[in-house]
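A.B. asks: Shown below is the structure under consideration.
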Amino acid sequence: MEFAELIKTPRVDGVVLHRPFMPTVEGTLCLTGHHLILSSRQDNTEELWLLHSNIDSIEKRFVGSLGTIIVKCKDLRVIQLDIPGMEECLNIASSIEALSTLDSVSLMYPFFYRPMFEVIEDGWNSFLPEDAFKDLESMTDEWRLSDVNKDFSVCPSYPPLVAVPKDIDDDTLRKAATFRHSGRFPVLSYYHKKNGMVMMRSGQPLTGTNGRRCKEDEKLINATLRPGKRGYIIDTRTINVAQQAKARGGGFESEANYPQWRRIHKALERSNVLQESLIKLVEACNDQSHSMDRWLSKLEASSWQTHVKEILTTACLAAQCIDREGASVLVHGTEGTDSTLQVTSLAQIILDPACRTIRGFQGLVEREWLQAGHPFQQRCAQSAYSNSKPRQESPVFLLFLDCVWQILRQFPCSFEFSESFLVLLFEHAYASQFGTFLGNSTAERTRLSLPEKTVSLWSWVNRPQELERLTNPLYEANSLVIWPSVAPQSLLLWEGVFLRWNRSSRCLDEAYEEMVHIIEYNKELQNKVNSLRRQLAQLETEDPLLQTP
Amino acid sequence: MEHIRLPKVESVRLLDRVSPRRSRVGTLYLTATHTIFVENEAGVRNETWVLHSLVCSVEKQGASASGCPLVIHCKNFQVLHFVLPRERECHDVQLSLQRLSQPESYEELYCFSYKPNVDEEERRQEWDFLGLKADYSRMGLPNSLWKLSPVNRHYKVSDTYPADLFVPESATPPVIVGSSKFRSRGRFPTLSYYSKENHAAICRSSQPLSGFSARCLEDEQMLEAILRSNPRSDFMYVVDTRPKLNAIANRAAGKGYENEDNYSNIKFQFLGIENIHVMRNSQQKMLEVCELRSPSMSDFLEGLESSGWLKHIKAVLDAGIFIAKAVAEEGVSVLVHCSDGWDRTAQVCSVACVLLDPYYRTLRGLMVLIEKDWISFGHKFSHRCNHLVGDPKEVSPIIDQFLECVWQLMEQFPCAFEFNERFLITIHSHIYSCQYGNFIGNNQRERIELGLRERTHSLWSYLWTNQADYINPLYRPDHSQTQGLLRPSTAPYCFKFWRGLYNRFDRGMHPRQSVEDYLSAIQEETQQLEEQLASHKQKIAQLEQEQGWRSVTQKAVGFDKSPTAWARGNDLSLANTPQDYTGGFLTSSPCQPKTPDSSLILLPKDLNQTSESNLSNGSDQESGIADLSCRSPLSEDSTRDADSDEAAYSAA
């Protein structure tokens with residue numbers, strides 16, 4: 001196999017493993033094509049199986065002939081391996097380095113992984129655009145499913161099927177696509193059943209410095225307005241950034257050409273700024289100093305919480321325009337593949353109770369992230385510990401998950417899933433045995449034949465034992481729109497991700513178990529009481545006195 | 001009342017702090033005890049009651065075309081922005097409130113006029129509910145090592161100490177008296193907590209009057225006696241909770257700290273907690289941050305950092321941990337002091353007790369602890385909480401910091417405490433409200449002189465009667481977290497901002513659904529189920545026995561999932577409306593749906609009032625019916641319209 005040449009030393013004995021909150025283990029370290037494995041060959045200790053793709057960076061240290069490798073993972077965990085023998089240590093380090101930075105997607109683990117579980121439902125077919133459209137059709141006939149992008153030629157980052165206004169033909173779409181960044185013409189993101197208002201998303205209009213316009217684009221988005229109604233365009237960039245984009249051929253919708261639309265500019269940050277923010281935040285969380293001032297100032301300087309607040313605020317604004325103002329909304333930034341998706345997906349969490357179920361949330365991630373063309377492969381190539389020069393990496397999806405967690409904290413009974421589902425999605429977006437988050441678009445995933453060659457994360461999740469683990473015991477369906485608070489006092493640091501490896505969660509886990517116990521005991525009693533009641537009713541009917549009329 | 005210049009102002013607006021455009025119009029009344037704002041919206045009767053004793057400042061701002069703003073800050077961190085139509089009225093209300101909120105004598109305090117519907121016998125029993133003797137005997141005292149000393153029976157040795165004090169068996173009266181002369185305010189070393197398991201004790205005192213070189217044989221003997229009362233230990237810690245510099249500065253004034261050379265077998269330690277002035281300024285700064293109108297995340301975090309508040313909380317908790325570990329893990333006794341031994345010393349001793357002893361993490365235990373380390377040992381509540389008009393430099397949120405330390409611990413150990421956050425907040429509120437006699441005065445001697453036990457009500461029995469509201473559903477006496485010493489993490493990221501207290505009245509900021517209330521409702525239901533289960537079983541057994549003959553008289557009571565039990569958990573019906581996300585550009589009001597909104601449950605009237613009474617000061621709703629008796633005109637028929645109450649208010 002082609003990995004063999006990268007593995008200089010496949011096996012070292014007498015390696016000592018240090019992990020957060022777990023006892024130190026001594027054992028044999030093995031390197032395979034996709035895993036770093038440490039096993040003590042004793043029954044009572046837990047083995048370490050670490051995907052190479054989960055490794056963000058490594059550091060080597062030597063004291064005499066004892067080498068130490070610090071492995072920093074994309075899930076933010078830091079582990080330490082003490083390896084006797086300098087040569088072995090160097091070999092292991094360089095092998096890990098090579099194996100964790102493979103460039104070719106087709107060498108990734110999902111292509112080699114064979115499921116050890118029974119697939120009940122193939123996740124690759126669970127959330128097809130045509131199925132989502134059936135739901136839409138049951139609510140309105142104002143939209144149609146267009147296959148204008150069936151060969152990915154109109155917009156390489158869109159799926160083959162997109163929902164567009166019924167009266168707009170494919171030619172209009174093609175022309176509108178030439179006027180939008182990367183061909184990302186306005187498409188339907190969400191239909192608000194309550195009042196028929198819609199949310200659309202797109203790339204920026206290519207107005208350029210001389211104010212180009214495109215009648216087809218105007219026609220397309222105006223087709224979503226009710227007679228006499230105005231809509232809102234939420235541009236996720238500040239007016240200055242949007243102005244500057246004109247010089248590079250981009251721009252924004254002018255009042256003159258889009259008189260029925262009101263433009264709102266928000267200041268959501270771009271990818272490299274967010275990556276920088278993540279790095280600083282994780283550094284602050286790992287700081288061993290016991291100074292309160294230092295912690296608070298580092299937390300502040302990372303700006304992570306600021307991003308959370310800004311993204312949530314913008315999503316709330318979009319939801320408010322739709323639900324409270326009764327207006328349709330178009331959301332875009334520059335490409336329409338990052339901050340745009342944060343806003344449109346969070347707005348749906350707020351507005352649509354269906355998105356707060358486990359399955360509904362999977363559907364949301366499929367629709368608004370995977371099929372909408374968020375470039376996962378690029379964005380999640382590196383996490384907070386990477387030393388390599390950042391290219392396209394950015395924790396856009398992690399920020400989205402953080403925002404969902406914030407809403408979950410404020411409405412702890414309104415989500416069918418628990419925090420662990422969000423953590424799971426974070427882990428799998430960065431390193432996984434499943435093919436779901438590979439590639440940058442539907443086109444790439446089709447080219448790589450992912451549905452045929454890999455297993456979908458949803459196939460694994462949608463099995464009773466997994467679902468049970470991810471279910472929120474407090475859940476009670478809540479059909480209301482949920483408006484979160486975005487005050488700084490209301491937004492917390494997501495400890496479950498950022499402090500996960502820094503502080504023991506034992507007491508909090510125990511509290512969770514206690515909570516589950518209280519709820520389950522209650523259910524158990526309900527069942528008992530019900531069965532006794534039936535028994536009682538039966539006894540009563542058997543009573544001869546009661547049988548005589 | 002002679003202090004009320006203007007009993008009633010009409011067309012007053014009460015602004016919403018988060019979105020000022022959302023204001024309510026109503027009538028403002030000043031009564032002898034409360035400021036009351038009655039909203040005059042047709043059909044609803046929303047009232048906001050603010051106790052005068054909770055008012056901390058009344059500020060008149062520049063008048064504008066829309067009226068004259070009056071901002072009232074309360075000690076429970078409620079802030080009310082009123083706009084009065086005319087400056088003259090605003091001025092009168094301000095002067096009246098300033099006078100009413102700053103009583104000049106104890107006799108004016110609310111606790112002396114607060115007359116709930118309780119007869120005298122019951123009232124007297126309220127005060128017997130909690131006794132410190134019981135707590136000392138729970139610790140196993142007196143025993144062969146510690147004895148109850150009558151030396152301060154008449155408050156002659158230290159007038160700020162309680163009458164009953166435990167001292168080492170070997171400490172003779174001359175040693176105690178000698179030692180007291182060498183300590184600030186005569187506050188000699190005495191027992192605060194004793195560990196039955198290993199004989200280690202926490203003792204407390206004030207600073208020694210050591211200056212640069214003074215010694216006192218009796219004081220040295222006193223410490224020696226404390227050490228001897230812990231037979232298994234050959235040394236003890238002497239902990240000065242102040243920063244070293246402060247302690248050194250005190251030497252110039254003839255005070256200071258113990259010289260290790262003069263006392264045998266002590267290990268001396270500074271713990272670096274700042275003084276009351278630093279704490280007062282710190283909280284003030286933090287509250288300013290809490291009050292910012294739509295602050296950015298940076299404004300908030302920078303403000304929080306520069307206030308230093310969490311740093312101080314961490315210092316207090318760190319100090320408590322030091323002492324708790326010395327006692328539990330090393331089995332070593334500790335003498336704790338600061339300057340006078342009634343602020344930092346109270347904080348640190350009580351935090352250590354909470355960490356050490358599971359009893360102090362129960363409902364009753366926390367009350368006992370406050371009674372012991374704070375009330376009996378002479379924390380100057382009336383000075384620190386500004387109960388009477390007095391020196392503003394004496395005011396300081398020392399007890400707030402203790403309650404917050406407990407809250408921070410609850411966040412780390414969710415199953416370890418029998419009580420919930422609401423319990424702490426209610427206690428906090430009543431420390432300042434002056435509604436109950438418990439916290440009035442500065443020491444035991446003053447309280448006896450004021451006859452508080454004879455003339456006022458006790459908070460502790462009120463809390464005990466209403467304990468259902470204060471129980472943490474996750475607490476189980478047999479849970480592992482409940483046992484033994486708590487070992488909290490004091491990494492900076494473990495300290496959180498206490499939104500529940502400092503932004504208590506900004507309802508929009510809190511989680512819209514409470515897990516705790518949800519679980520409490522489930523537990524309540526579980527209890528009903530258990531009863532039903534038992535009764536069903538009984539009936540079945542009965543029926544089976546009676547096989548076929550006598551008629552069945554009782555029909556099974558159909559069980560349906562009680563909607564009331566669940567409603568409590570679902571606060572959502574308390575209109576979850578969007579905040580101002582827009583920065584104010586949307587044409588219509590962002591916060592009010594223009595038409596009745598199907599997504600919002602329309603509030604039934606009584607629910608609405610509940611939510612309102614939450615907004616007004618805690619003491620009103622918490623005291624329930626009892627409290628209403630002193631404002632009878634309103635309480636008897638709260639649905640009457642505002643105008644008909646006019647006479648009643650002006651007569652009051």
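One-based numbering along the chain as shown.
Cβ from N, Cα, C; glycine included.
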A.B. asks: With the ranges B:477-511, B:512-546 to choose from, which does TrEMBL describe as coiled coil?
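C.D. replies: When B:477-511, B:512-546 are checked in TrEMBL, coiled coil belongs to B:512-546.
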A.B. asks: Is it possible to get the count of other C-beta atoms within 10 angstroms of the C-beta of B:Cys338 (substrate binding site)?
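C.D. replies: By my count, 27.
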A.B. asks: Using a 10 Å cut-off, grab the number of neighbouring Cβ atoms around the Cβ of B:Trp342 (substrate binding site), all chains included.
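C.D. replies: Cβ-Cβ neighbours of B:Trp342 (substrate binding site) within 10 Å number 28.
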A.B. asks: Please report the number of other Cβ atoms within 10 Å of the Cβ of B:Asn275 (substrate binding site).
C.D. replies: 16
A.B. asks: What other residues of the same chain, not counting B:Asn275, B:Ile276, B:Cys338, B:Ser339, B:Asp340, B:Gly341, B:Trp342, B:Asp343, B:Arg344, have a CB atom within 8 A of the CB centroid of the substrate site?
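C.D. replies: For the substrate site, the extra neighbours are B:Ser206, B:Thr241, B:Arg242, B:Thr345.
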A.B. asks: Looking only at the domain 'Tyrosine specific protein phosphatases' (B:307-351), what are its DSSP counts of helix, strand and coil residues?
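C.D. replies: Counting residues by DSSP class gives 31 helix, 4 strand, 10 coil.
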A.B. asks: Cβ atoms within 10 Å, counted per site: which of B:Asp340, B:Arg344 has the most, among these binding-site residues?
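C.D. replies: Of the binding-site residues B:Asp340, B:Arg344, the highest Cβ count within 10 Å belongs to B:Arg344.
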A.B. asks: If you average per-residue pLDDT over the domain 'Tyrosine specific protein phosphatases' (B:307-351), what number do you get?
C.D. replies: 98
A.B. asks: If you pair up every Cα among B:Asn275, B:Ile276, B:Cys338, B:Ser339, B:Asp340, B:Gly341, B:Trp342, B:Asp343, B:Arg344, the residues annotated as binding substrate, what's the maximum separation in angstrom, rounded to an integer?
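C.D. replies: If we measure all Cα pairs in B:Asn275, B:Ile276, B:Cys338, B:Ser339, B:Asp340, B:Gly341, B:Trp342, B:Asp343, B:Arg344, the largest is 12 Å.
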